Amino acid sequence: MNAEQSKSLLSSGHLSADPYINNCYSEMCMSTTQVAPQPGKHKIGWVIAAIFIIADMVGGGVVAMPVAFKLSGLPMGILIMLTVAVSFEYTGYLLGKVWNKIMERNPHIGVCRKPFPEMAKRTMGTNMQRFTSVLGNVTQFGVSVVYLLLSANIIHFFISHVLHVDSISNCLVITVLAFLIWPFTLLASPGEFWVVIVFAMLTTVIAVVSIHTGIALDSTACFSAVSYPVTTSTSTILSFGIFLFAFSGHYVFPTIQHDMKNPRDFTKSIFAGFLGVVILYLPLCIFAFVVYGDSMTDSVIYSIQSPSLQLLANLMISFHCIMTLVIVINPLNQEVEHYAKISHAFGIGRVITRTIVLFLVLFVALTVPDFQPVMNLVGASTIPMGCAVLPSLFYLYSEAATEEEWRKGKIPTLREVLDRTDKTVLIINLIIIFGAILGGVLGSYQGVLKLIKAKFTEPCYIRLFTETTYNSTFQVKNVCCGANRDINVFNVTDFC
């Protein structure tokens, strides 16, 4: 874009004199005034951005993290959790630094629809941009499918087992949920649906409070007969994957930063967001481990012996996943709109493209209702890569590039990166990179084992023409506590 074009866009109001409104302008971004949004609208502050970060990360981690402590033991669990939290907070901080540097070096470069691949392009080249784009899209699409299915399974269980309505199938619940989510996916960017995310955060808090309350009610009876697991190096290593996934969400971070009033404040959001997640996770994990010990199974919610609190926690997790889906699918929607050259302004183009994307998510959910084992394998490789490996590489390459190389678009070689980087910074990032790769390998191994054991059922649309009924693999289990899992706190018949 030459000076005259920049001046024209500035005067027309499509670009701002503030470089932090213009963000990014390249093949990932729009190049005409017809698609440029009005500046300054729907921007969020750093506190709301922090809530976005918390809502993006928590959810399944709330129920799975205590089980990771069972595998690792209490002291090692605390150490691993804090190490992963600090490491991933650091890589989130690096993403913010890289994005700020890109905008400082390119003060009038347009409107970016998907900053994560743009960072890959400007720091490591076009091939890395393509790789990052595919990696992020696969992850976000898969997570969207999992969130839709998990929410539908919990709600269907509530309808059939609590309301005792057996005429409504799980496939129908999946479809209705997708229809209810659809209007919120039409909102342009995080700045427009921040209220949804505040409610997602609220549901998470209610779920955590419910779990804490349930553990407290069980504590007297369960703690007196608790048995703690004997951990091994193998079980500790296997817990590492759960810890990594519980703090993932980096694919969405640049999109959140992109919509901030002052993206320089993203460092505050990262710090507050990760601190909030640790506050939600750590006390819950310690409390659950001390009270239930070895009796915990797949989810800490199953160990809660109050049926009402167990149901409330599950429903809140379901609502959280529904609303978090709106965050996860947004970067994918924006990239599809980029390639389709759809205007940023609300119109028929956005409605059509985003409806198609959500329809594809629904189609996969209806085709593979037992999609979780597939996503376990995919996520094991893509999440560590996006949350640790790529952010560190982006930062190392961006810092190693000189101003002249940056202006000419020259990418430093690996040797230049190693030679120019401060050795302490280099060692820290290499440790994070290799640790994430180890977690990805272990997670992939577990994912393969689960995929081999998985039982897949017919697609929902095939069952319309057959007599087959779909019984969801999701079940709310009742797990009694104690060394032999035989302590029934409320003396409910056939509870265990």
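Note that Cβ sites are derived from N, Cα and C of the backbone, with glycine treated the same way.
Remember, predicted model here, so these are calculated numbers, not experimental data.
Lifted from TrEMBL, the feature list:
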DOMAIN    42-408  domain 'Amino acid transporter transmembrane'
TRANSMEM  44-68  transmembrane segment
TRANSMEM  74-95  transmembrane segment
TRANSMEM  131-155  transmembrane segment
TRANSMEM  167-186  transmembrane segment
TRANSMEM  193-217  transmembrane segment
TRANSMEM  237-257  transmembrane segment
TRANSMEM  269-291  transmembrane segment
TRANSMEM  311-330  transmembrane segment
TRANSMEM  351-368  transmembrane segment
TRANSMEM  374-397  transmembrane segment
TRANSMEM  425-445  transmembrane segment
Sequence-remote partners of the transmembrane segment (193-217) [C-beta within less than 8 Å, at least six residues beyond its ends]: 44, 48, 51-52, 54-55, 58-59, 62-63, 184, 187, 280, 283-284, 287-288, 291-292, 300-301, 303-306, 309-310, 312-313, 316-317, 319-320, 323-324, 326-327, 330, 489
Intrachain residues whose Cβ lies under 8 Å of the transmembrane segment (269-291), provided they are six or more past its termini: 46-47, 49-54, 57-58, 61-62, 65-66, 68-70, 74, 77-78, 81-82, 85, 88-89, 92-93, 96, 204-205, 208, 211-212, 215, 218-219, 222-223, 226, 228, 246-247, 253, 256-257, 260, 300, 303, 481
Distant-in-sequence neighbours of the transmembrane segment (167-186), which means Cβ under 8 A and at least six residues beyond its ends: 148-149, 151-153, 155-156, 159-160, 193, 196, 322-323, 325-326, 329-330, 333, 346, 350-351, 354-355, 357-358, 361-362, 365-366, 369, 460, 463, 469-470, 472
Contact set, same chain, for the transmembrane segment (351-368): CB under 8 Å, 6 or more residues outside the stretch: 141, 144-145, 148-149, 152, 171, 174-175, 178, 181-182, 185-186, 329, 332-333, 336-337, 340, 342, 374, 456, 459-461
Long-range Cβ neighbours of the transmembrane segment (74-95) (under 8 Å; 6 or more residues past either end): 53, 65, 68, 116, 119, 228, 231, 236, 239-240, 243-244, 246-248, 250, 253-254, 257, 267, 270-271, 273-274, 277-278, 281-282, 285-286, 289-290, 387-388, 391-392, 394-395, 428, 432, 435
Recorded stretch, among 44-68, 131-155, 425-445, maximising Cβ pairs under 8 Å relative to the transmembrane segment (311-330): 131-155
